[in-house]
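Novice: Grabbed the feature section from TrEMBL, which reads as follows:
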DOMAIN    1-85  domain 'Endoplasmic reticulum vesicle transporter N-terminal'
DOMAIN    140-194  domain 'Thioredoxin'
DOMAIN    208-270  domain 'Thioredoxin'
DOMAIN    323-498  domain 'Endoplasmic reticulum vesicle transporter C-terminal'
TRANSMEM  480-502  transmembrane segment
Amino acid sequence: MYHRMPSDLTETSQLGRFMSFIAMISMSTLFLLETKAYFFSTTLETDLSLHSYDDEPSIRLNFDITMMDLPCELAAVDVYTTVGYEKNVTKNIRKYPVNKDGVQQQYEARNWHQNDIELWDPAVPEAIDHLHKDGEDAISLDGKTFQYALKKFPYLFVKFYATDCKYCHDLAPTWEALGEVVTDTSMSMVDEHMSENNLGSDQYTDEEYETAVNNMAPVLVTKLNCSLNPSICNGQGIRVYPTMRVFVDGEAKGDYNGHRTVMELVQWLSHIEAENREPGELKMQKVVEYANERTVRNAAEREWNDALTRYRSPYGSWNVTHLQGCQLTGHIMVDKAPGKFLIHAKSYGHDIAANMANLSHIVHHFSFGDEDAKSHVDGQRMQGMQSGFVKSLHPMDGNVYVTEVLHQAYHHHLRVIATEFGGRKASVWARERNLRLYRILQNSQLSTYRRHVLPEVNFSYDLSPIAVSYIQEARSWYDYLTRVLAIVGGAFTVIGMMNSSLNSLSKRKKYNHY
């Protein structure tokens, strides 16, 4: 099959030497490139298959979301799936207060959802009618009288409530008892002043006496029905019922969020007074003493209240003049089943004002699966990977969702597609770290809620039964050998054909010359 040509039949030429040199350079270059491709490159193949979730009972959901106008005290996270639910999730979640300029504040490790607060005073009779027999001491306000009270009284304590609020009804007897304690203390102070100045009851009228009592009162205890005066409550930014707010010289100073007992309320008012009045002008201490005599039920409780007064630290209150948001960051292990991730307003002991909920938010990060796997795939830069693959793992990152009006919220619909990696080079890492990523196809829409329905940020997700597999395959040795032989044979044949053509052309020109 392979014939040998005698050397005396061959002819050496300058063209032959040049073409031989070209052939050697071409074959050497192609051989080196092919060898490099064999040892240092792989092919990425794609495969579709039904995905089984039996190997892992749950999947990790990662999130970093800032609620622009929802305080951390009210922000709650719920998770619902077709196989179960978990409300008010706090494990592996951190909440950072955000000020009105969007700047994150220092993290405070405290119980945001305390559920052991007393919602009413056990020492006060439950029947409000019993307390109203001698009149209402907690004065009811409306739009006109509220503005008048702000200007007239230097200290105003207002309970903003709603007609259908259960917690407001529970607090009503305690609030009326607080008004009675302040009124009775003021009357005692007026009587003491009259006794010191030898003034008899025949020297003044009932109206003058009532005016003196109101002027002597250290604080005016009032209430305002937001169901009847919605414009006032909206203007004050009332989001939860009941809201107990103190005004000093017409300016809101803070909301009370502690135990709803008469003693706790007057103690808090005493600290507010101490922060805003000179030491010689303090009046609330007498109210504290009178409340202690009236509401304490036994000697042990009296001793406890005395010790609490001596060692009590100043109360903290939310400054209502600076609206704040909350950044929620962390992860949750959710069932591998269709479900939804919710962020909404929730508070123990309060009813949320649905029409005042502002759920504008920024999605800094939202993804499923292992965070380290994403960085590994991004660093590999595999050939054949679709453009924007890493972006599809967290397509919502950096998006801002602003609601133009209140009582609206965005719903995000997510389709989660499992993506697995395998092959000769990735198999070791995949076995150690379970290299499985989750791509997200997302769509968001703005939803308007009914009047009495509380809005919520809804991330609804569904796991696709189809999984995409990316397989890295290295070339086989026989494929490499075949390509090397093709390079040698192909280069030899092509260069030989070119050499024959050039020789024929040269001879034809030579014959034509003669």
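Every residue, even glycine, has its Cβ placed from backbone N, Cα and C.
These figures come from a predicted structure and were not determined experimentally.
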Novice: So what's the average pLDDT for the domain 'Endoplasmic reticulum vesicle transporter N-terminal' (1-85)?
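Specialist: The average pLDDT of the model in the domain 'Endoplasmic reticulum vesicle transporter N-terminal' (1-85) works out to 78.
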Novice: If you run through the domain 'Thioredoxin' (208-270) with DSSP, how many residues end up as helix, strand and coil?
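Specialist: Helix, strand, coil within the domain 'Thioredoxin' (208-270): 24 helix, 20 strand, 19 coil.
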Novice: Sort the residues of the domain 'Thioredoxin' (140-194) into helix, strand and coil with DSSP and give the three counts.
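Specialist: In the domain 'Thioredoxin' (140-194), the DSSP-based counts are 39 helix, 9 strand, 7 coil.
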